[in-house]
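Novice: As annotated in Swiss-Prot:
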BINDING   ASN214, ASN236, PRO237, SER238, SER322, THR323, GLY324  substrate binding site
DISULFID  CYS186-CYS335  disulfide bond
DISULFID  CYS200-CYS395  disulfide bond
TOPO_DOM  25-398  topological domain 'Lumenal'
TRANSMEM  4-24  transmembrane segment
Amino acid sequence: MRPGGALLALLASLLLLLLLRLLWCPADAPGRARILVEESREATHGTPAALRTLRSPATAVPRATNSTYLNEKSLQLTEKCKNLQYGIESFSNKTKGYSENDYLQIITDIQSCPWKRQAEEYANFRAKLASCCDAVQNFVVSQNNTPVGTNMSYEVESKKEIPIKKNIFHMFPVSQPFVDYPYNQCAVVGNGGILNKSLCGTEIDKSDFVFRCNLPPTTGDVSKDVGSKTNLVTINPSIITLKYGNLKEKKALFLEDIATYGDAFFLLPAFSFRANTGTSFKVYYTLEESKARQKVLFFHPKYLKDLALFWRTKGVTAYRLSTGLMITSVAVELCKNVKLYGFWPFSKTVEDIPVSHHYYDNKLPKHGFHQMPKEYSQILQLHMKGILKLQFSKCEVA
């Protein structure tokens, strides 16, 4: 073979190999790509492509979290709670009578909403109360706000007056006796049967100031649920008449029972009805004669009238405010933080468990005298707005 022929044969062989190579590669590429994908899936354990990003060896591997999901749930809950707040306002303004189950459903919904104190809401509401009523100066009768010679009108029997003579004037403190005002943490303890087995006693007793209503029991087994500390307790004059025989033959029993309240203030509505005056004064003189540690105070009738007008504008139109709402209103003015316990005007819990009216008995109030569900809807609004906090169920025990 000629030298030129050998060179041509070599070139022809190379061209043939190149042609075969080109024909073979396109047919194999899809198969190879499938292998790479399967290998990639194994390496990433099925992670979606959207979460697989190119990165240098120094870049940290990103972690898939549920923070977005949690944020969405939080926004949904916030929106739900806002709607619930508006719903309660509308609910309380309705003239239609709502059933106990309606209220319990609302309370169930409220319990799913996280509570947070709202300083601005609290300040605004407190300012409105101070403007209309001014508990700091006018909550109780004092020598400063009721001088000798005043003709004081009764709260309910407003056409009747009592002249303030020296013998009455000397029963009054010189000024408001709440020297440590404003108190940081206050507990207003109602008497609802919801307190039974609540284990709230320790938490209540840690408060700076504890308000109670109508001489409730605080010793023995109940103390673990209701606490034992008392700074101020109201007394309904009917208790003095019915339970203590108007402090005649049962004076000793009265003095024995009140010893459990330490140096608390006893608050009586001496100037609400004329029938209350003599009984309230009898309590004052009994404590003076026995040199008891407690001091007697009297609700100022004008304060109570102004307070009733304030709540009337919000739909509470009953014959008279309950003691619980009166004291709650006082606490908002005297305290920075207010928590309510034992406020439960219903016959059962949200779990449908029967509840006694009081934690110590099941005696119901006079029909129509107070407007408990209407008042309670107002308190629910204060809770939802972060002005005060309602304890609905058992307390957390450390």
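Backbone N, Cα and C define each Cβ position, glycine as well.
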Novice: For the binding-site residues listed here, PRO237, GLY324, which shows the highest count of neighbouring CB atoms within 10 A?
Specialist: GLY324
Novice: Rounded to an integer, what is the Cα-Cα distance in Å between GLY324 (substrate binding site) and CYS186 (disulfide bond)?
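Specialist: Here the two Cα atoms lie 14 Å apart.
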Novice: So how many other Cβ atoms are close to CYS335 (disulfide bond), meaning within 10 Å of its Cβ?
Specialist: 24
Novice: Once the chains shown are all counted, how many other Cβ atoms turn up within 10 Å of the Cβ of ASN236 (substrate binding site)?
Specialist: 16
Novice: What is the separation, in Å, between the Cα atoms of SER322 (substrate binding site) and CYS186 (disulfide bond)?
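Specialist: Each residue's Cα considered, SER322 (substrate binding site) and CYS186 (disulfide bond) end up 19 Å apart.
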Novice: Using DSSP and collapsing to three states, where does ASN214 (substrate binding site) fall: helix, strand or coil?
Specialist: coil
Novice: DSSP three-state call for CYS335 (disulfide bond): helix, strand or coil?
Specialist: strand
Novice: Going by DSSP, is SER322 (substrate binding site) sitting in a helix, a strand, or coil?
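Specialist: SS state of SER322 (substrate binding site) = coil.
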Novice: When DSSP is mapped onto helix/strand/coil, what comes out for CYS200 (disulfide bond)?
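Specialist: Coil, per DSSP.
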Novice: Averaged over the topological domain 'Lumenal' (25-398), what pLDDT does the prediction give?
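Specialist: Looking only at the topological domain 'Lumenal' (25-398), pLDDT averages out to 86.
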Novice: Please report the Cα separation of PRO237 (substrate binding site) and CYS186 (disulfide bond) in Å, rounded to an integer.
Specialist: 25
